[in-house]
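Marked as acetyl-CoA binding site by Swiss-Prot: 209-211, 255-265, 279-282, 301-303. What Swiss-Prot lists as Mg(2+) binding site is 209, 302.
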């Protein structure tokens, strides 16, 4: 609804015409005392529209306001060189858009409806379970699909980690960027060690999870701890000097292993006790059911100043489950 209203406000600013509401024939008398409110029954042409304000009320008592200001006031703040550069780019963009619109009109394809899913049926659960899966467009046909190379193996796990960190950096606080980069470098080094620097490895699944420690407070929730951590995990965390870090790292590891296993989820509130992260001599070790056809799951937890990244790589196979992580 807000997007619909925003489009209308932009049209008002562009056309300098206030639209009519011919159905507003019973305005509450209490509103008639507000002299700054106007409910026109016919379109009103004005000389200029300098700004507008849009208010949207959503479900759950959540709402927002948008203030739109006429472009000329923005352009007036730009240096001449910056304005000229912008003018060149916007002219080029407009010409490209005009050509695309004309082509769509002539081919009767303004709205392109795809009559099939962008993924194969056997890949559906992998797509939905992988937060890093991305759709791509076929330049020749204009159809959309998921790249099977991106979801059926982990040869590009380093690229996937890079995309995740890049996305988190956009949302991170300025003072958290260095810690995120530190954790990413540590995770990258572990991946290089596990893959031996090869461009592809004999893997089938991957799970990556990132936790912002400044926003993590689940360790204070006893119900959360009871539902998601085993007795051994709780004992380990409560013996740690930093219980928050201990619970956060185990939780990130559980999430990464869960994504790696590609098991059918029971919902966002499902307990995670079925996956246990225990401490071994060399690295954290995960214990979980053999439902994903994996012989081994390699797991790493990398720490930054105020965040941590867990990476789980699943090794395909039908042999005895090692799960030496």
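Along the chain as shown, the residues are counted starting at 1.
Cβ atoms are placed via backbone N, Cα and C, with glycine included.
Annotated features, which come from Swiss-Prot, shown on the structure.
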{"residue": "209", "record": "acetyl-CoA binding site", "contacts (Cβ under 8 Å, 6+ apart)": "252, 253, 255, 256, 259, 309, 310"}
{"residue": "258", "record": "acetyl-CoA binding site", "contacts (Cβ under 8 Å, 6+ apart)": "207, 272, 275"}
{"residue": "302", "record": "Mg(2+) binding site", "contacts (Cβ under 8 Å, 6+ apart)": "183, 184, 186, 187, 190, 308, 309, 310, 311"}
Reduced DSSP assignment, residue 302 (Mg(2+) binding site): strand
